[in-house]
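Asks: This is the structure, below, for whatever I ask next.
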Amino acid sequence: MHSAMEAWNETAAGGEQVRDIPEPCTVILFGASGDLAGRKLIPSLFRLFQEGHLPVEFTVVGVSLSPMGHEEFRAGMRLAAARALGADRVDEAAWNLFARGLYYMTLDVSSAQDYARLGELLGQVEVERRTRSNRLFYLAVSPTLFGEVVERLGASGLSRPHASGWSRIVVEKPFGTDLSSARRLNTRMHRYFDEERIYRMDHYLGKEMVQNLLVLRFANGIFEPLWSRQYIDHVQVTCAEPLGVEGRGGYYEHAGVVRDMIQNHVFQVLSLIAMEPPASLEPEAVRDAKVQVLETARPFTPERIRAECVRGQYGPGLITGTPVCGYRQEPGVSPTSGVETYAMLTMRFDSPRWAGVPFYVRSGKRLKERATEVVVQFKEGQGNLFGTEQREGMSANQLLIRIQPNESVTLRVAMKAPGREVRVRDMDMSYVYASPQEGPPPEAYERLLLDSMLGVSTLYTREDMVERAWELVMPVLDAWSTEGAEPNYAAGSWGPEAARRLLESHGRTWNER
Ligand SMILES: NC(=O)C1=CN([C@@H]2O[C@H](COP(=O)(O)OP(=O)(O)OC[C@H]3O[C@@H](n4cnc5c(N)ncnc54)[C@H](OP(=O)(O)O)[C@@H]3O)[C@@H](O)[C@H]2O)C=CC1
Ligand SMILES: O=C1O[C@H](COP(=O)(O)O)[C@@H](O)[C@H](O)[C@H]1O
């Protein structure tokens, strides 16, 4: 069995080509006719297969409510892969080989008989494909169905590892809608799956630059000594999207940005930036370090929420010159909705490393541009030898980690402007992640799907992390639920004015273009 350490090291060393291929296995894809399956999961599995990261016996059994035969499913997934990857990136021969391993079954998640039929189909398919009974159940259905599927897998005996293989489960986000529902779901899952067999998906952890945060912090001798209150003034974490709710108004009305982005994706990035060095790169060590830093996060009190958090909702506006409606006019959204589409929280960690250093985190829909980034703002150098006149156009050092798009790392440093006089100005030293020739980095789902088949859980969220993240945001959700958000920023802007004013009142500014 491939060790987690080897898997991580190979990737950290840039050795994608030397990664192991998982044992032949079957992915049982719940929600196979859904949006995520067609847009991300099947295209990612196909890319892995096409590039030789999956064994030729690799099999998918898609299940969902729609009546469909195997051939219809294969044809639908062929179109979906071409749409997601671009027709020219789907090699015909590779697709035909991959498609032989695609099966479909109509299943109602609440029908016990359907799970019995699923068990029979899996038995037949495993004989036909000559694979051992290595089974990965992937729950890409509505989160309201997660508990039911798990119970039924348990009752039917499908959750138990078969004599000749392993059995794991991947659960999509959101994991719960609040602390108590997340706890209930964890309890339900643990009745049938041990924690080591549960993979809670957060696709941000599969993004190349999110993985690079560990390398950047711990493989470079120069950053770790500076990574504390002594040298860092503050940190900004931004996940901005120009997209609106994209037809998911019904879901978003029960979610809002704190549940949709902050409790999961933003906190994952935040914990990688703020955590102490892990004892090793083993999955449990990295996951321990991430939870431990969240344990030191200062709880939100009503006063802190009022003084240090901002919420917003987009009104009508322009996105790249095109008029778009406000949130309340989106399909499936109440015309008086008080759901927040923007949130900014000031996080504070009560630890020797971070005392006094604010971490400003924000995320929003219909913002000016797509930008997921971390800004580490260093303090002004002490005892600066250069006078104010010479330092015109110079600011304190800054490390900008651009997670997407245009993945890059930029260090802002002071340099002498060319000329006879000594004038100091900012200069950016950048590492741009992918050159145009290399193309974009791999889709996050590719890395994560492969890891779940290899049994590597580092980039999946552990039970305690999910619960701690919910615990932290609950006071904010509670406070904001009593009084709804009002439209207070125009689509295409950088969000509510209050967020700008808040940073200004702290003597700081957002990194915005
Ligand atoms: N779409 C996205 O971009 C993202 C989605 N996710 C998560 O992924 C999951 C799936 O989302 P998404 O694909 O958008 O959802 P969709 O609504 O597009 O798909 C839902 C799927 O569930 C199936 N389904 C519904 N009811 C039943 C039932 N009773 N029995 C069996 N199958 C059923 C549907 O089958 P049928 O259509 O045949 O009725 C369909 O295949 C959710 O948890 C979501 O939060 C996470 C991140 C991003
Ligand atoms: O999980 C989600 O993520 C997307 C943003 O993902 P990205 O990879 O495009 O940054 C977000 O649009 C969606 O609302 C949310 O559910």
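Numbers run from 1 along the shown chain.
Backbone N, Cα and C atoms are what each Cβ position is placed from, and that goes for glycine too.
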Asks: Going by the substrate site in TrEMBL, where H203, K207, D260, K365 are listed, which of the candidates E224, E241, E282 is also part of it?
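Replies: Site partner of H203, K207, D260, K365 for substrate, according to TrEMBL: E241.
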Asks: Among the binding-site residues D108, V109, K207, D260, K365, name every one whose Cβ is found under 6 angstroms from ligand 2, counting any of its atoms.
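Replies: Cβ under 6 Å from ligand 2: D260.
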Asks: Specify the nearest of the recorded positions V109, K173, H265 to K207 (substrate binding site), where nearness means the distance between Cα atoms.
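Replies: So, of the listed recorded positions, the one sitting closest to K207 (substrate binding site) is H265.
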Asks: Binding-site residues H203, E241, K365: which have a Cα within 10 Å of K173 (NADP(+) binding site)?
Replies: H203
Asks: Please state how far apart, in Å and to a whole number, the two most distant Cα atoms are among D108, V109, K173, the recorded NADP(+)-binding residues.
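Replies: So the maximum pairwise Cα distance among the NADP(+) binders is 21 Å.
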Asks: Relative to the Cβ position of E241 (substrate binding site), how many further Cβ atoms are located within 10 Å?
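Replies: E241 (substrate binding site): 18 neighbouring Cβ atoms within 10 Å.
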Asks: Whose Cβ, among the binding-site residues D108, D260, has more other Cβ atoms within 10 Å than any of the rest?
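Replies: When each Cβ's neighbours within 10 Å are tallied, D260 leads.
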Asks: Just how many other Cβ atoms lie inside 10 Å of the Cβ on K365 (substrate binding site)?
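Replies: Excluding its own Cβ, the number within 10 Å is 25.
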